[in-house]
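Peer 1: Got a structure for you, questions after.
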Amino acid sequence: MLAQNSSIVTEFVLAGLTDRPELQLPLFYLFLMIYIVTVVGNFGLVTLIGLNPHLHTPMYYFLFNLSFIDLCYSSVFSPKMLMNFVSEKNTISYVGCMTQLFLFLFFVISECYMLTSMAYDRYVAICNPLLYKVTMSPQVCSVISIAAYGMGFAGASAHTGCMLRLTFCNANVINHYLCDILPLLQLSCTSTYVNEVVVLIVVGINITVPSFTILISYVFILANILNIKSTQGRSKAFSTCSSHIMAISLFFGSAAFMYLKYSSGSMEQGKISSVFYTNVGPMLNPLIYSLRNKDVKVALKKSLIKFQRKDRF
């Protein structure tokens with residue numbers, strides 16, 4: 001009766017965000033709106049950058065990738081999450097769960113390194129402006145983005161590979177709205193020691209390397225900005241970094257808060273706090289970069305004027 005993956009369980013049940021019946025419908029509409037804004041915002045930003053040649057610069061190349069990741073990332077779990085609000089029992093197959101886990105981790109880790117790449121881009125732009133075009137050439141940008149996706153693939157493969165070796169017996173209710181590492185480990189009826197070691201190593205690397213790189217980049221950026229004598233120059237330099245700082249704070253801050261709640265043993269609080277990490281972040285990123293970015297606003301106005309002219313003719 002054992003399957004090839006050494007697991008007795010053939011499907012899992014996602015417990016969802018809450019089991020309170022009176023909250024199901026309001027939460028469905030709330031998260032449906034969040035998902036719609038996320039898809040429209042990120043798809044709009046991807047399209048806008050792709051259609052406007054003057055946005056084909058390293059900064060917007062990385063922003064294009066960030067929006068693409070957020071678009072895919074939110075689509076990995078949001079449909080299942082929404083289904084959970086309107087169905088009595090939200091099941092997901094073993095294969096589906098492992099696939100969701102892999103894709104979720106792949107896009108999360110890739111976003112981690114894409115934000116790091118953006119920090120390095122800002123460092124080069126502000127600290128070495130004369131060498132910017134050479135240092136951040138299209139070839140270099142491609143290599144950096146491929147490396148970010150590569151780290152995402154490696155991390156997701158390590159976690160998912162270790163998860164596949166576990167045996168899940170009778171317990172199949174995942175206390176979450178998606179297939180995540182910690183809720184799944186709680187259901188295993190075999191030793192999770194190897195998985196916990198892998199989590200410690202992989203998560204340690206994927207937090208330490210990006211955090212250290214971002215911190216060092218912004219230390220040099222801040223030191224360089226403080227040396228700028230003109231107030232206008234300082235203001236311009238700060239404005240180019242402000243959107244990125246907000247995105248980094250939102251991503252790393254909410255992720256750290258979520259895992260701190262999980263490590264303290266509070267699954268319910270960890271599940272609720274993960275909403276900011278999984279749903280709110282991808283929704284706010286395009287708003288942060290569009291509302292606070294002059295180039296994006298100009299590109300949007302030009303695109304809207306072009307479409308209006310086409311409609312007239």
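A Cβ is built for glycine as well, from the same backbone N, Cα and C atoms used for every other residue.
Copied straight from TrEMBL:
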DOMAIN    41-289  domain 'G-protein coupled receptors family 1 profile'
TRANSMEM  27-48  transmembrane segment
TRANSMEM  60-79  transmembrane segment
TRANSMEM  91-109  transmembrane segment
TRANSMEM  130-151  transmembrane segment
TRANSMEM  197-225  transmembrane segment
TRANSMEM  237-260  transmembrane segment
Peer 1: Cβ pairs under 8 Å with the transmembrane segment (27-48): which stretch of 60-79, 91-109, 130-151, 237-260 has the most?
Peer 2: 60-79
Peer 1: For the domain 'G-protein coupled receptors family 1 profile' (41-289), what's the model's average pLDDT?
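Peer 2: Computed over the domain 'G-protein coupled receptors family 1 profile' (41-289), the mean pLDDT is 88 on the 0 to 100 scale.
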